[in-house]
Each structure stands twice: as C-alpha cells, then as structure tokens.
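Student: Pasting the feature list from TrEMBL:
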TRANSMEM  28-47  transmembrane segment
DOMAIN    35-446  domain 'Cation/H+ exchanger transmembrane'
TRANSMEM  59-76  transmembrane segment
TRANSMEM  88-105  transmembrane segment
TRANSMEM  117-141  transmembrane segment
TRANSMEM  153-172  transmembrane segment
TRANSMEM  222-244  transmembrane segment
TRANSMEM  265-290  transmembrane segment
TRANSMEM  310-330  transmembrane segment
TRANSMEM  351-369  transmembrane segment
TRANSMEM  389-409  transmembrane segment
TRANSMEM  421-441  transmembrane segment
Amino acid sequence: MTMLLASHFTSLTSKMLSVSTSDHASVVSLNLFVALLCACIVIGHLLEEHRWINESITALLIGLATGVVILLISRGKNSHLLVFSEDLFFIYLLPPIIFNAGFQVKKKQFFRNFVTIMAFGAIGTIISCTVISLGAIHFFKKLDIATFDLGDILAIGAIFAATDSVCTLQVLNQDETPLLYSLVFGEGVVNDATSVVLFNAIQSFDLTHLNHEAAFHFLGNFLYLFILSTVLGVATGLISAYVIKKLYFGRHSTDREVALMMLMAYLSYMLAELFALSGILTVFFCGIVMSHYTWHNVTESSRVTTKHTFATLSFLAETFIFLYVGMDALDIEKWRFVSDSPGTSVAVSSILMGLVMLGRAAFVFPLSFLSNLSKKNQSEKIDIKQQVVIWWAGLMRGAVSMALAYNKFTRSGHTELRGNAIMITSTITVCLFSTMVFGMLTKPLIRHLMPHQSTTTSMLSDDNTPKSMHMPLLDGEQQDSFVEFSGSHHDVPRPDSLRGFLMRPARTVHHYWRQFDDAFMRPVFGGRGFVPFVPGSPIDRSTHDLSKP
C-alpha cells in the first residue's frame, strides 16, 4: 500500500513538474516576444525619418535576427517563440487592423472612388487569381514537385492574389497621397475579403462536376457573401449608434461608451464568422458607419479614447504579425524538406513572384483605362504614373497569404509532405521578398514619379473622420454640404443620359446621399450636427448648442 502511494505521488509530482516547466517556458516566450515588440516600437521610432525603412520592414528584420539567435541557441532545432495559428491571425489580430482602417479612412476620398475600388478589389482579384492559377498549371508540370489537383492550384491562385493591405497602409500615407491611398487601401481591403471568400469557396466547392450551372451557383454565392457581409457591418454600426444615442451612457460613465463601441466592433466580425460571411468586409464597413454616426454620439473624452485605442490595437497587431513572419521564415522544420532540392524551391518562388506581378498588371492597367473613360474631369483620371504606383504598391504579400497557405498546406502549423513544404517555404520567400524589396522602394518611387503630390493634399483633406479632433462651426465637409443645399438645383446638373450619369457619378450620388443622410439617417442615428446633449461635457454642450437651428 505504501509502495503504491509512493509511486502515485512520484507520478503526480513528475506531471506537476512537467506542467510547471511547460508553463514556465510559455511565460519566458511571452516575455521575450513582448520585449521584441517594445524593441520594434523604439527602433521604428528612431528610423521614422528614414526614407527606405518603415515599421513593417523593421519588425521583419528584428524577427529574422531573433530567429537566427534562437536557431543558434537551440542548435538548429527551433527558430520561433510561438507556433503560428491561422485562428490567432483571423480571430484576434486581423479584426482590429481592418476595423481601424475603416474607422480612420477619409470617407469622401473612399466613396468618391468607390466604383474603381470595387472593380480593382473584386474583379481584379478574380483576374489575378485566374492568371496565377493558369501560370501554376503550366509551370508546375515542368518542376519535380508533388502533383497538385485543380482545387490545390485554384487555392494557390487565391493565396497569392491576396495583397497585403497591412503593409500597404504603412507604406502609403493618406495625407501625402490621398488618391493613391484611397485606391490602394480600398482595393486592399476588398481584395483581402475577396481572396478569403474565394479560398473558402474553393475549399468547399465540388470541383469534380464543373458546368455552367455550377459556375452560376458559385457566382451567386460569391455575391451573396459580399452583399450580406456589407449589410451586416452597416447594421451593427447603426445599432451601436442608435443605442449610444438613446441611452446617453456619458451621463454616468464614459467607460461604458468606450466598452460598448469596442465590443460592438468586435461583435460585427464574430457575427460574420458565425454566419460564414466575410468578417473582413463586415468589420470594415462597421468601422466606416461607426466613425460617421457612433463616434459623434459619445462624449469628447470617449472620442479621444476610442480614437487612440483603436489605433493602438491596430498598430500592435500589425507589429506582432510582421515580427512573427520574420521569425517563422527560418523555421527549420519546413526548410529541411526542401534542403535536398533548393533549386526547385527557388524556381517555385521565382515563378510565383513573376505570376503575382503579371496577374496584378493584367487588371490594374485595363481597369484603370476603363475607369478613366467614365471620368470627364482630367484631375480625377488615373494617369500612367499613378497606375504604376498602384501596380507596384499592391505587389506586396504578407500575413493573409501566409495564413491561407498554412490553412491549406499544414496541420497545426506542421507538414510532413515535400510538396506542401515547398509551397509553405515559397509563400514565406515571396512574402519576405515582396515586403522587403517593394516595401522599401515604394516611397522613393512615389517621390520620383510624383514629386509634387503632397502639395495638393490640403484641398482634399476630409475632416469628418476620427483623426480630426477639432470641431469648427463649419468644417470642410459641412461647407461642401452648405454649398450644395444653399445653391439651386442647377449647381448639380441632372444627368440627361446614362453616359451623362457615368461621367458625373460622384457629385450627384454624393448630393442625393447627403440629402437622405441629413433628412432621415442622422436624426435617428446621430452624427455630426445631431450630437445628443450630455451634461458635464463643455465641448459636447457647445456642439449641441451650435447644432440647434
């Protein structure tokens, strides 16, 4: 009996020690990762004025250096502190990045180019996916790699059609290049949503029975996901605006306002995932609606808090992603499978990089030409220099491509098949090369092609965003509205034909939307000029008084 108790105690003690050791290793890893995040912030601040380096590249370089150190310490057994998880990326890291992009975006520029953005983001992604898939079918047959079926090839097309909107946001600046920022960023968000929807559709679609009926069913399901995702995001944003406007949370606690805004923003993404919709598209439009209505309904202190909270969460998520991508690039487990044929891995990476460039060119220049046909004003057209910058800036691939590749070619971050390992290492190589090379050269390219671009940004600035904390009597957008409503209908000529409407879509659509917004939406959901009175907030009181007729 004593021996039995002793053996049981020994077994229990050993289990507790192993658990304790495992927990201690996790704590050490988390401490090192947090320290690396701090290092990225400090070094990024010191290199802020450098024309070649941005924060994403800084995080990548620090991740690579850390991976080398860990490889040396572990004697070639390991290169990263944490195991990559696509669930971690899609559920926790991507939502704050995309939401903040919609929350901070200059809406006037975005919706002025909405048709072009949707064409680039949706149609362009499908064209790019098609070009990459056809190229992969042609070239992969000549290489000594595993045989991929049609579903694998189409999945590869969707993986590498996803541009890295995270990196693009850090490369371009919406104050220096507003038109380019709205086009590249807007396309990036729609592109990510399209790529994820395409990837999931390919994964669940039966490709053994392809016919016209199946193609129409696929297209209908694609449009269904797009429309429903957008509607869900708008509805969630409007609900948050209505609740905060009616319940006056600021009377008792600004903490509740901030908490409700954050939870409703995240709820929009999780609802989309729950109903198998596109969370990226949903949370993006939720951010736009919240910045237009909800943000104006809270107290001034809550506005400052939410503005900086969303921006900080987005910044930390971006830095986390690029830091991990740098460390994971040296994962010895995946490179061991391709060590016997490095030439094949280099060839696959080079082919994919070439197909990415070709696939992007296949839609940027033709769609820009078609977009210019509908623009009568020369200043609204996309000239050849801007087209080159749009093509170049969208060549970067990053965390979305990596997450989709891990989802397709690994199980729990590991793979034991040579063909899958080649695709993972090729994805890492393309992401690193495109981010480092194209990311470093984008700013110099913009300065070379458009040296006077920043001199016109003040005229295009949109103050109706959370980035603008001042609230004059009439800001830029309100002055535009005042001109529209005070003038006669001759100020906005009614198009007399379909071609006339296409030649002047932005001004007429914007005019009618502002009429509808001021007459129906803002009185119900709040917003600028319809801010509820909250006692104890002098700024809110002055805003409320100014909004009275």
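Heads up, the Cβ atoms here are built off N, Cα and C, so glycines get one too.
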Student: When you check the transmembrane segment (351-369) against the transmembrane segment (59-76), do you get at least 3 Cβ pairs under 8 Å, counting only pairs 6 or more apart in sequence?
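Tutor: No, since the transmembrane segment (351-369) and the transmembrane segment (59-76) share fewer than 3 Cβ pairs closer than 8 Å, they do not count as touching.
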Student: Pairs of Cβ atoms less than 8 Å apart decide it: which stretch in 88-105, 117-141, 310-330, 389-409, 421-441 has the most with the transmembrane segment (59-76)?
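Tutor: Selected stretch: 310-330, with the most Cβ pairs under 8 Å.
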Student: Against the transmembrane segment (88-105), which of these stretches has the most C-beta pairs under 8 Å: 28-47, 222-244, 265-290, 389-409, 421-441?
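Tutor: So the stretch in question is 265-290.
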Student: What parts of the chain pack near the transmembrane segment (222-244), using Cβ distances under 8 Å and only residues at least 6 beyond its ends?
Tutor: 122, 193-194, 197-198, 201, 257, 260-261, 264-265, 267-268, 271-272, 275, 277-279, 281-290, 293-294, 297-298, 524-527
Student: Can you work out which residues elsewhere in the same chain, 6+ from the ends of the transmembrane segment (310-330), have a Cβ less than 8 Å from its Cβ atoms?
Tutor: 33, 36-37, 40-41, 44, 55-57, 59-68, 70-71, 79-82, 84, 89, 92-94, 96-97, 99-101, 103-104, 166-167, 169-170, 262, 265, 398-399, 402, 428-429, 431-432, 435, 466
Student: State, in range form, which of 28-47, 117-141, 389-409 has the highest count of Cβ pairs under 8 Å to the transmembrane segment (421-441).
Tutor: 389-409
